[in-house]
C-alpha cells in the first residue's frame, strides 16, 4: 500500500530536518579528544567472568562473600552515575548471616533467595530507593526515588544487591546515552562509539564486566540496541508481563501496550531466572518452566525491512552473520530456516511513530515530548531550544531537541493508511509465528556508530521499534565481533507470550557463537 502524497512529503521533510541539524551540530560543537580504537583493558579477575547463576551458587556455598562487591565497585566506579557502595557493602555483610540462619540447606536457600549476593546495576529511569531519579532531565536534578520500581524490588527480594544507577538518554527517547546532568557514556569496545540507548549505561557497564546483571526498559529498542552494541544478552518481554510502574517518564496514551521491562546480562543462562523473578505475580502468563525442543520449532529469517528511504540499508557483515546463524541452525538442529519478506516492514518508522501517539481508551492522547521536556513548567518550544543550544544556553541535548522537532512534523490527523498497514502486518506475523515459530531479524542496520552520528540517521532504531508495535517477545543475542572489533548480533523473535522459545534459542546461539567477548581481549 503506497503512502499518500502528504505522507511522502513528511518523509522528505524528516530527512531534510535531520541532515540540517547534523550539519549544525558539526559546526557548533567542538570535537571530543581522539578516542578512536581505544577500549578497556582485559578483565583480569576471574570472578568478573562468571554468570549470576554461577556466582549465586558460590555465594550460597560460602566460597564468596562481600569481597566481590569490592572488586566490582573498584572496576566499575567510573561507569556508575552514582553508587550506593556503603549500603551495598552493608547488605553484602549480611549474606553470610542469612546463609547461617537458613536451616533448610542450599536448595531451600536457592529457592528463597536465588540471587543472594549477586551485584545488580539499575537504569537511572527506574526508581531505586535513595538514588537519583532524573532520566537525564536538568529540571529533575536533585530528585531522589523514595520507592523501588517493582522489578527492582523483586530482584532485591531475591537477594540481588544494587550497586548504583546508570546513564540514559534524555527522557529515554534516543539511542545514544547522553544528557546534560551526567554527560555521555562510551562503548567499552571502542570509546569513540556509542553504547546505545536509552539503556546505554546498563549496556556499557555490563559489556565492560563492571556489573553482573541489570534491568532495562524498551519501547523502541532501548534494551536491544545497547545489548547489541555492547555484545551482551537482553530480553524484551511480552508487554504486560513485567511491571513498568515507577519509571520516568511514565507511559501515557496506549504506550503501555508497547513498553516492556526486561533483563540484561552477559550470559544467556541468567535471562530465564531473572525473568522469572521480575515477572512476579504475572509469571504464570508465560511458560517459562516448559522444556523447549528446538528441533520441533519452525524457524524463519527476515534479512531486511525491504528498503525504507528513512533507514540505512543493513550492512553486509550483519546480513552475512544472520545468514550464518540460519545455516548453523539448519546444520545443528536439522531444521529448515525459511527466508520470508513482509513489504509492510518498509513502513516500520511510520508505524512506530503513528502508534506512539494514539489516544488511550478514554480518548486521552499521550503526553507530548515537548511537555516532558518542559516539566515541571510549560511545554518546551523546540525551535527556541535549538536557538539556545546554538549559543550554549539550552539545558537540553540536541538529540532531545531533534525529537521535539520531529514531533512537530507529525500530521495532526492519524494516518488511516499506516494503521491499515500495521494491522495487515500484525495479522501476517501472528499467523506466521503461531505458538512454535521463531524468526531472526537484524538488530540494527550497522554496528555501533560513532558518538553523535545517530543525529544523521535518527530512524535506524526502527529495526527494533517495529517489534514493540507488534507486541512480540524478543531476545537480543551477541554473535562475536566483526571487522572493526565491534559486536555483532541478531534479534530472535517469537509469538506473543512465547518468551521461553527465544530464551531457549539464545542459549543455543551462545554455545554456537561464543556469546559475550571481553572488550579488552585481543
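Positions of Cβ are set from backbone N, Cα and C atoms, glycine also.
Remember, TrEMBL labels are computer predictions, not curated facts.
Listed features, source TrEMBL:
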DOMAIN    75-503  domain 'Amidase'
ACT_SITE  123  active site, charge relay system
ACT_SITE  198  active site, charge relay system
ACT_SITE  222  active site, acyl-ester intermediate
Where does the mean pLDDT land for the domain 'Amidase' (75-503)? 95
Give me the count of other Cβ atoms within 10 A of the Cβ belonging to residue 198 (active site, charge relay system). 34
As a whole number of Å, the Cα atom of residue 198 (active site, charge relay system) is distant from the Cα atom of residue 123 (active site, charge relay system) by 9
Could you state the whole-number distance in Å separating the C-alpha atoms of residue 222 (active site, acyl-ester intermediate) and residue 123 (active site, charge relay system)? 11
Proximal but sequence-remote residues of the same chain as residue 123 (active site, charge relay system) (Cβ under 8 Å, at least 6 apart): 165, 166, 168, 198, 199, 201, 202, 214, 215, 216, 217
